[in-house]
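To start, the structure itself, in structure tokens.
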Amino acid sequence: MSSEKRRSRRDLDVLGVIAVGGGLGSIARYGLARAMPTPAGGFPWATLITNVVGCAVLGGLMYLVLEVWPPSRYRRPFFGVGVCGGFTTFSTAMVETRGLLDGGHLASAGIYLPASVLLGVLAVLGGAALARAATRGRLRPDNAPTAAEPAVAQEGQR
């Protein structure tokens, strides 16, 4: 058996955790969309909130996964690709923008599209900052600065 076939079989477990996480994230998104339906021509608050919250969670989780928690084969695929990937929905935001434009709601589309991007980026930064503050900058041992690398220089590289 080739090493590529062995590797692909070995990765089936990772695909499994991604699928479970994606299912959970998608169910949560569906629940939020049902709780906050968007009327025809209305501002798509549910999708905006979903994407901003998902970005904040992803920003915080990725800080924890990459900087604080010990390495794990499953955390990043489960939470990042799976849960947050299933929860957030860039494609729906684009379809909703098109719907607003097609319906003549130019002002709403003009607010919604840039707000989605700007708030998403700010949410990722905010989520990471909250995670950093909550952990008081504790890094896992393999990420801690060495005597040759002061903490300030290490922090600037992140």
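Along the chain as shown, the residues are counted starting at 1.
From the backbone N, Cα and C atoms, a Cβ is placed for every residue, glycine too.
What TrEMBL lists as transmembrane segment is 12-31 (among others). Listed by sequence, the residues of this chain that lie at least six past the ends of the transmembrane segment (12-31) yet keep a Cβ under 8 A from its Cβ atoms are 50, 54, 73-74, 77-79, 81-89.
Under the heading transmembrane segment, TrEMBL lists 43-66 (among others).
Tertiary proximity for the transmembrane segment (78-95) is limited to same-chain residues at least six positions away from its ends with a CB under 8 Å from its CB atoms, namely 17-29, 44, 47-48, 50-51, 53-55, 57-58, 61-62, 65, 112-113, 116. According to TrEMBL, the feature transmembrane segment maps to 78-95 (among others).
Under the heading Na(+) binding site, TrEMBL lists Gly85, Thr88. Around Thr88 (Na(+) binding site), a 10 Å sphere centred on its CB holds 22 further CB atoms from the protein chains shown.
Nonlocal intrachain contacts for the transmembrane segment (107-131), taken as residues 6+ away from its ends with a CB within less than 8 angstroms of a stretch CB, comprise 41, 43-44, 47-48, 51-53, 55-64, 68, 93, 96-97, 100-101. TrEMBL lists 107-131 (among others) with the feature transmembrane segment.
In this structure, Gly85 (Na(+) binding site) is part of a helix by DSSP.
Taking the Cβ of Gly85 (Na(+) binding site) as centre and 10 Å as the limit, one finds 18 other Cβ atoms among all the protein chains shown.
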